[in-house]
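Summarising the annotation, Swiss-Prot assigns transmembrane segment to 1-21, 25-45, 59-79, 96-116, 127-147, 149-169, 178-198, 201-221, 240-260, 274-294, 326-346.
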Amino acid sequence: MNPAIFTTIILTMILGTMIVTTSSHWLTVWIGFEMNMLAIIPILMKKYNPRSMEASTKYFLTQATASMLLMLAITINLVYSGQWSVTKPLTPMASITMTLAMAMKLGLSPFHFWVPEVTQGTQLSSGLILLTWQKLAPMSILYQISPTINLELLLMMAILSIAIGGWGGLNQTQLRKIMAYSSIAHMGWMTAIMAYNPAMTLLNLXVYILLTTTXFMMLMLNSSTTTLSLSHTWNKTPLLATTILLIMLSLGGLPPLSGFXPKWMIIQEMTKNDSIIMPTIMAMAALLNLYFYMRLTYSTSLTMFPSTNNMKMKWQFNSTKPMTYISPLIILSTLXLPLSPMLTLLE
């Protein structure tokens, strides 16, 4: 793709998200979503092949349906309240329709079917944008409508997302699909706390984006897309392979890594609000995620796949790929929770 065109597309995508997050008028919110959707489709098709074409078509159809639901919610709200303002409370019917539209855009269950397929059909760099940047705009709308949101609907989708995010990843060997199912589960945790403490949702989103970005960047560094190619990383760069696996465990929420902090805080917040059964079910469902990440760690580091002698000698050669920008991400992705008590010393 022409660099000038690619830069324009990226800027349009960023502008679309910024319009959504900063708008106070529902029509400009819808325009921002459309700009964002139309800009990311060429990014998904960057490597032109039938698989990426299929992925971008699935993404377009899903997002177009979600945009239609969004416009329906805006129209219902306009008819019953006469308001275009984002800051004004939504009517109950408009709130439910808006929540469903945002759930479809985020890939929450039961609207999750497109996420693994689209992520698997694209390059790692496109998958990174899809699972991180594309979550910002819908999450900002959910944050703004959180006072009028339907609690039962939100909690039902959250529980389903956490459970399906765990079950779906159990039998996967493709790393992009594993990351996609992990994303579905993380979205479930974020929406579960949305009605209780919206600010905690933003904290969870920030940690999720940090962990997912680090994991994708390290997979891009090794060109790893399957568990088999990840296991060969152990022969080439053992230290890098160890770091990848630590980040995977952090994504699974294993204490004392960074990924455990938001889950811990969400369970604590829900318990304070006299909700005991919900966080218990969520914690049990999250064990599925942790299980497939631990199985990935075991198969990669504690077992050795058949390989040639030449492959076993690669660790002796220095890697020429730049790693300076990844180092701070690795530290934040693994050590934010252990180091966080030390922040009190700065006060």
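From the backbone N, Cα and C atoms, a Cβ is placed for every residue, glycine too.
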Long-range neighbours of the transmembrane segment (59-79), counting only residues six or more past its ends (CB under 8 A): 26-27, 29-30, 33-34, 37, 40-41, 44, 90-91, 93-95, 97-98, 100-102, 104-105, 111, 114, 118, 130
Result, the transmembrane segment (178-198) in contact with the transmembrane segment (96-116) (3+ CB pairs under 8 Å): yes
Positions whose Cβ lies under 8 angstroms from the transmembrane segment (240-260), at least six residues beyond its ends: 182, 207, 210-212, 214-215, 218-219, 221-222, 224, 230, 233-234, 286, 289-290, 292-294, 296-297, 300-301, 319, 330, 332-338
Feature contact check the transmembrane segment (127-147) with the transmembrane segment (274-294), CB under 8 Å, 3 or more pairs: no
